[in-house]
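Here is what TrEMBL records for this protein:
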- 42-445: domain 'Amino acid transporter transmembrane' (DOMAIN)
- 1-31: region 'Disordered' (REGION)
- 41-62: transmembrane segment (TRANSMEM)
- 68-93: transmembrane segment (TRANSMEM)
- 118-139: transmembrane segment (TRANSMEM)
- 170-187: transmembrane segment (TRANSMEM)
- 199-220: transmembrane segment (TRANSMEM)
- 240-259: transmembrane segment (TRANSMEM)
- 279-298: transmembrane segment (TRANSMEM)
- 328-345: transmembrane segment (TRANSMEM)
- 365-385: transmembrane segment (TRANSMEM)
- 391-414: transmembrane segment (TRANSMEM)
- 426-451: transmembrane segment (TRANSMEM)
Amino acid sequence: MTIGSIRPVKEKKSRKNKQPVVDDQSPLLPTKHQEDGFNGASYSGAVFNLSTTIVGAGIMALPATMKVLGLIPGIIMIILMAFITEASVELLIRFSRTSNSVSYGGLMGDAFGNYGKMLLQICVLVNNIGVLIVYMIIIGDVLSGTTSSGTHHAGVLEGWFGVHWWNGRFFVLLVTTLGVFAPLACLKRIDSLRYTSALSVALAVVFLVVTVGITIFKLINGSILIPRLLPSFYDLTSFLKLFTVVPVMVTAYICHYNVHSIENELEESRQIRSVVQSALALCSSVYVLTSIFGFLLFGDATLDDVLANFDADLGIPFGSFLNDVVRVSYAAHLMLVFPIVFYPLRLNLDGLVFPSARPLTLDNLRFALISGGLIAIIFLGANFIPSIWDAFQFTGATAAVCIGFIFPAAVTLRDRYGIATKRDKILSIFMIVLAVFSNMVAIYSDAYALFKKNSSPRE
């Protein structure tokens, strides 16, 4: 994938000789701190951090998109979405350098004033709080179990030790929050998370390897049917349902809110283009393989959250053990993704509430209060929101498409500095039309399904 030509106004070859950029629209984003011995983030650390931003809970929803689109169009859509995501990130980088903006919010403020910056910050808050609540709900479901339609699905800890007060959802999430989330959220530089990010990517690969192994074993045994290669639609409603996968795809690739933070800490700022390309190549490869083998393994029985398919008997030797490996590795993966998504959430809330304050990393009290308050809100949300899809569908259909598609396209069409090409503007119009149309269709499909479900008993 190629990002194209990025022409900064004042380009420095190395962050070692670069003075911190002062941007009154984004005082909360520091670059590097020479005084604490930090000379810039490494290339590999930046790739792992951006990859971890991308690969979250969305990977579990992608096999279900194959059920809607069919295997061939589904794979094409995953790859196409990676290219569109790269193009939208390239627009952000190019226009940010031209406007001397060091944050996404600063770029929106430069293009649309304070209201544009505030709108971006609100969307990041909505998206990231919703996503982090989803992560915590999934962790609770995996470790402590969940009850759906009167049926209880035992968690890993329940299966190992039986039902006890200490492996109930509330206590497990409390221990996870205090023992994992809070310490990692206290780190002030995103580069400090490079090792946990590398481990989280490795855990996602563990899930993929186990899935591939199980699928190959069942293929050899002849217990897997040929998957549906093309979509099946027979009326307008089933045709429109094809577009409902777009919000899921956008959510799976959303990473725009962390690009500036990662670039600001890079030792060589020009490497951000290659960092984005490498991260998207890695993540799209994982997505394609997960979707192929997940759909091959479960076929039309693939659930919206494929992790739930690993709650049943796989019909293979050591099936129960492999189920636990998949579920535990993914729960651990989400625990390590949490601080990467939490980092921009904290920055944007601080920028929204304290727009003129000194950098957040220099005010320990403000840093602690904002971090603690957000973690408490997410913890309460995870304990009182009944289903991940109540949060996931809302954030995917609203804030995520704005952050990933609509805002970069709007900045390009605004084109304050006259640098947008005809191709840029055509691409921007396409992204806006695709985002708006697909989300309208998704909302219509969900509303129609809900109406049909509620009216069917009376028929």
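Even glycines carry a Cβ here, placed using N, Cα and C.
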Residues of the parent chain within Cβ reach of the transmembrane segment (199-220), under 8 Å, 6 or more residues beyond its termini: 48, 51-52, 55, 59, 282, 286, 289-290, 293-294, 296-297, 314-316, 322, 325-326, 329-330, 332-333, 336-337, 340
The transmembrane segment (328-345) vs the transmembrane segment (118-139): 3 or more CB pairs under 8 Å: yes
Stretch contact, the transmembrane segment (41-62) with the transmembrane segment (170-187), Cβ-Cβ under 8 Å, 3+ pairs: no
Distant-in-sequence neighbours of the transmembrane segment (170-187), which means Cβ under 8 A and at least six residues beyond its ends: 136, 139-140, 143-144, 157, 193, 196, 335-336, 338-339, 342, 346, 371-372, 375, 379, 382-383
